[in-house]
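As recorded in TrEMBL, the features of this protein are as follows:
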type    : residues               : note
DOMAIN  : 37-792                 : domain 'Alanyl-transfer RNA synthetases family profile'
BINDING : H632, H636, C749, H753 : Zn(2+) binding site
Amino acid sequence: MAASMAAAARRLRRAFRRSPLWGGLSRRPFSSEPPPASATAVRDAFLSFFRDRHGHRLVPSASVRPRGDPSLLFVNAGMNQFKPIFLGTVDPRSEMAGFRRVANSQKCVRAGGRHNDLEDVGRDLSHHTFFEMLGNWAFGGEYFKEEACRMAWELLTQVYGIPEDRLWVSYFGGDPKAGLDPDLESRDIWLSLGVCASHVLSFGPQENFWEMGNTGPCGPCTEIHYDLAGRGGAPQLVELWNLVFIQHNREADGNLQPLPQRHVDTGMGLERLVAVLQGTRSTYDTDLFSPLLDAIQQGCGVPPYLGRVGAADEGRTDMAYRVVADHIRTLSVCIADGVCPGMSGAPLVLRRILRRAVRFSTEVLRAPPGFLGSLVPVVVETLGDAYPELRKHSAQIVNLVSEDEAAFLASLQRGRHIIDQTLRRLGPSDLFPAEVAWSLSLSGNLGLPLDLVELMLEEKGVRLDSAGLARLAQEEAQHRLRQAEPAQERGLQLNVHALGELQRRGVPPTDDSPKYNYSLRPSGGYEFGTCEAQVLQLYTEDGTAVASVGKGQRCGLLLDKTNFYAEQGGQASDRGYLVRVGQEDVLFPVPRAQVCGGFILHEAVAPEGLKVGDQVQLHVDEAWRLGCMEKHTATHLLNWALRQTLGPGTEQRGSHLNPERLRFDVATQAPLTPEQLRAVEGTVQEAVGQDEAVYMEEVALARTAHVPGLRFLDEVYPDPVRVVSVGVPVAEALDLASQAALQTSVELCCGTHLLRTGAVGDLVIVGERQLSRGTTRLLAVTGEQAQQAREVGQALAQEVGAAAERLSRGSQDVVEAQRLSKDMGRLTDAVDTAVMPQWQRRELQATLKVLQRRANTAIRKLETGQAAQKTQELLRRHSEGPLIVDTVSTESLSVLVKVVRQLCERAPRTSVLLLSPQPLGHVLCACQVAQGTTPAFTAEAWALAVCSHMGGKAWGSQVVAQGTGTTADLEAALRTARAYALNQL
């Protein structure tokens with residue numbers, strides 16, 4: 001019976017997932033108490049239940065930008081921010097390390113990557129790109145299956161009042177291939193809670209075994225489903241809540257190993273829960289969406305939303321309603337979290353979402369220009385209380401959405417024009433050129449989705465060259481691969497088992513406080529102390545713990561303390577060496593140190609044997625460390641200067657530094673102007689020139705919570721946290737009454753810094769580019785490199801000035817003018833690639849653009865005058881006739897072409913071919929055929945015949961062509977030209 005019911009339920013679930021409707025939902029209350037009246041009440045009831053009844057800590061939603069997780073485009077589940085706990089890598093001093101039972105409502109985006117619902121949105125009544133995930137978690141065995149199931153059942157049936165007979169549950173039925181038994185414990189828990197036995201179903205690993213990825217923590221899950229049909233017919237099940245019991249780890253070889261600690265991870269989609277509680281046909285009929293649907297109707301003047309799908313949705317009006325409503329929510333949430341439409345990664349996905357929304361709003365709903373931006377306030381009103389960042393950034397969201405909408409509409413109009421122009425040149429059976437389609441696409445110049453380009457061509461009855469398009473896509477992918485920053489080698493890592501074993505043994509986290517033990521000598525130099533430590537554990541390259549390593553073996557060393565800075569917070573790791581105490585002549589090079597769950601792992605290649613218990617002495621590479629300190633303090637000054645120049649709302653989006661240069665990403669409304677770049681450098685130079693003291697102190701994290709002007713990133717900070725303040729002691733900077741953090745650079749930072757700003761020397765911004773709309777990446781150098789950059793900039797400025805002076809004097813010679821034009825091009829290339837101040841580069845680029853235009857204009861005038869003179873000479877030599885074949889002395893193919901054209905303008909019935917001898921036997925060729933002689937006699941074929949005779953090549957059209965060749969017998973080439981023409985004529 002159970003097996004047949006399970007099979008039936010499986011079929012029902014599959015059918016439901018294919019079904020576009022949530023049919024037959026009752027609108028009656030589920031209990032004598034009224035259900036929560038709004039989505040806000042449903043969300044609040046969830047959070048209050050876990051906080052007040054079951055002692056959970058409420059944590060804010062993480063940003064939809066993944067925090068230090070390159071495997072994700074967007075945060076797509078509530079558990080993402082807690083991955084360090086699951087993996088055992090959480091900093092033991094951080095607030096997160098103390099989490100035991102927590103709950104929240106997490107903003108999630110599923111578009112692009114492994115979980116991608118983008119193309120399904122609008123086609124049915126349930127898919128979304130943005131949704132809210134309600135979740136509760138228990139870490140480290142705080143509670144497990146029984147408590148998790150009991151809490152979930154209590155919330156659904158007692159708080160939300162869902163009838164028990166409408167709920168079904170599934171549990172993991174085992175996997176013999178993986179050696180996993182059925183999760184009978186979960187089954188028995190549900191039965192003990194009163195769930196009807198016929199409503200408890202078992203499923204295999206595909207449905208009821210959750211995995212984080214190809215490797216990592218995983219475990220069986222139990223799902224709670226709601227029966228849409230109720231007592232009125234066959235069950236129609238929809239998943240409400242997934243409870244995951246993380247107890248295994250998927251190893252790299254595919255095997256499962258038990259985790260050192262067990263966790264509970266649950267997730268329930270708010271939109272689906274609200275639909276059930278409000279008795280609606282779909283998530284789009286809830287109060288999460290109804291304000292948006294009403295605003296769309298009012299703004300577009302279309303018929304009301306009716307919830308139709310498929311063939312019933314004539315004109316796809318209701319689909320457009322759903323697409324626009326969903327996508328504007330996604331756009332608003334992402335932009336508020338710092339993800340803006342761009343050209344790669346998550347920004348590119350967001351750009352596609354925006355353009356899909358524009359297409360449906362303009363083409364289906366006939367929305368007026370600027371319509372999408374007008375919906376942002378509706379989203380803010382609906383979600384702003386739960387996610388305050390929406391209110392904070394509402395104006396920026398409106399601006400970005402409106403600007404990109406206007407740009408896309410302009411591109412759409414231009415794209416249609418280009419398609420029409422191209423079609424006029426094609427034959428009836430020709431394929432539309434892949435190169436043109438590519439130039440119109442998101443990967444090309446105009447940013448039109450390729451499916452839209454194909455649709456526009458389909459409407460005109462034209463087929464696209466799909467094979468050519470696939471080739472271009474492959475070439476683009478290869479180009480991006482070549483251009484991508486090389487992935488950093490991960491190095492040795494401690495896996496979840498190694499970390500668990502250290503914690504089981506009670507090994508304390510590495511004491512890395514000696515990394516801050518350095519001081520200024522009276523001479524102004526820095527003195528870095530050494531550090532003596534004991535080897536607690538050794539690891540081989542594959543992460544296996546060993547008691548000793550042999551000569552030449554690459555290994556990882558875990559010490560009780562270290563003065564090495566492990567890479568974190570955007571600062572590169574220290575490098576250096578260690579020696580065994582008592583054997584100082586044998587150096588163990590240490591190229592890198594990494595932090596794993598509070599333990600610092602030093603990578604080394606052992607020149608001799610090393611064993612656990614050995615005493616070692618560590619020495620950092622002082623020049624490398626000082627370079628990092630210089631760049632890190634400069635990064636703080638740059639952050640401060642950007643706020644001073646662009647406004648206090650300017651936010652850092654990320655940074656990375658090493659001794660060579662620093663990289664800084666900043667949120668901007670528009671690209672920085674040369675004046676702004678120069679002002680930023682000036683502000684930094686002022687702080688450097690004052691040689692201010694840099695104060696550093698560890699304080700309780702709570703003391704930093706409400707300090708105006710204090711800079712911090714969306715990161716997990718340790719507690720206590722280190723504060724770095726320029727020019728003002730930390731205690732004074734954190735005093736709320738002092739407002740000091742508004743007047744200088746004050747940041748939360750664990751990095752190593754200079755003790756005075758003067759050692760920065762200078763800072764020059766040498767590069768700037770838009771990562772995405774709203775985010776600018778700056779590259780900067782300091783010290784001697786900065787001075788060299790300024791010298792290069794000054795030298796190039798002088799060269800540009802000299803070129804401008806030469807141009808202003810004018811020239812009467814084409815060759816000299818062309819030489820000057822080439823010099824302009826060379827200078828442009830030099831300015832584009834030089835390491836120099838970016839503000840100066842932008843100014844010189846603008847100057848050179850004007851000078852190049854003037855030089856080209858001068859060349860054209862000189863060439864036209866020279867051509868007119870030579871045309872006159874040729875007309876005097878040749879009487880009127882059908883043919884002119886001759887030689888002309890000129891060093892320019894451009895002049896030769898002009899002479900040919902002027903001759904044909906003066907003698908329209910004459911076909912002309914001219915050759916111009918050059919040094920070393922090279923010959924230039926240009927020709928034009930008379931009106932009415934084509935297609936029997938074409939210029940391209942004429943030029944090809946002559947240039948082939950000279951061993952060269954030709955190109956052009958039926959009317960005008962040109963080419964080159966090499967010959968010692970110019971007269972033979974002229975005879976070939978005359979003979980070919982007379983034969984054709």
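Glycine residues also receive a Cβ, built from the backbone N, Cα and C atoms like all the rest.
Counting every protein chain shown, the Cβ of H753 (Zn(2+) binding site) has 25 other Cβ atoms within 10 Å. Cβ neighbours of C749 (Zn(2+) binding site) (same chain, under 8 Å, six or more residues apart in sequence): G569, H632, H636, R722, V723, V724.
The Zn(2+) site is set by H632, H636, C749, H753; from the centre of their CB atoms, other residues of the chain with a CB within 8 Å are M629, T633, T635, V694, V724, E747, G751, T752.
Cβ neighbour count for H636 (Zn(2+) binding site): 26 (other Cβ atoms within 10 Å of its Cβ, all protein chains included).
Over all protein chains present, the Cβ of H632 (Zn(2+) binding site) has 24 other Cβ atoms lying within 10 Å.
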